[in-house]
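According to TrEMBL, the features are:
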type	residues	note
SIGNAL	1-24	signal peptide
DOMAIN	49-153	domain 'Expansin-like EG45'
DOMAIN	166-250	domain 'Expansin-like CBD'
Amino acid sequence: MALSFHKLPLLLLPLLLCQSVAKGDTCSDCFTQSSAAYYPNSDTEGTETGACEYGTFGATLNSGDVSAASNLYRNGVGCGACYQVRCTNANYCSTDGVTIVITDSGASGNTDFILSQHAFSRMGQNADAGASLLSLGVVGIEYRRVSCSYPNKNITFKIDQISNLYYFAFQIWYQQGNKDITAVQLCETENLTCKLLERSHGAVWVVASPPRGPLSVRMLLSGGDDGDETWVVPPSNIPQNWTAGDIYDSGIQV
């Protein structure tokens, strides 16, 4: 027999509505149940050899509250995404948990996350509880996608060391908000010649025979709470005399 909402007790309506939205994967406030481990042989912060290719930046990003992910890595699309992760053991775990940034790909058993030791212990109610969590090794968690926030930081482009006039590669740092960067174009600003880049691996975007002159980077942001796609064009360009290894501020936050 079909349920009639007007005959249900009012207290049941919020629960039913949340369950209904969660099944459609559109509930930004709903959590997914899973488990998490941590890097047992890492420093307290992240790793410099993560699959997103952030290098030393990835080890200290977000104060070291970073993580490897399995399914959420999504062949590199998940690089830079932020998640609220909180463990579910009431004896040790805080209600807020920790906000992490995905910087690596990896799995341990059936876990969705392999956190840095720093992030793993921060799920605890206090330092002693965090130490107890580390002794457990693997804990039950719940998580949800949240917006990344880097106060006083704009989206930044890090030119790869192997870049030259015939092959151009760069990473996108400080990805804000809760949308994915799903496409990138590199445009020569004077004659508006654009090339669509490829995601070679992780957070690295590449193009052969890049346009000449000052370069404008266009990014397609997809997903988020509204599910829309939006092209974003930063106001600051990569200069014509760019240098491999250099870092350029885009002048924009999203």
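Cβ coordinates come from backbone N, Cα and C, glycine included.
Break the domain 'Expansin-like EG45' (49-153) down by DSSP state and the numbers are 30 helix, 32 strand, 43 coil. In terms of DSSP secondary structure, the domain 'Expansin-like CBD' (166-250) contains 0 helix, 48 strand, 37 coil. Looking only at the domain 'Expansin-like EG45' (49-153), the predicted model's pLDDT averages out at 94.
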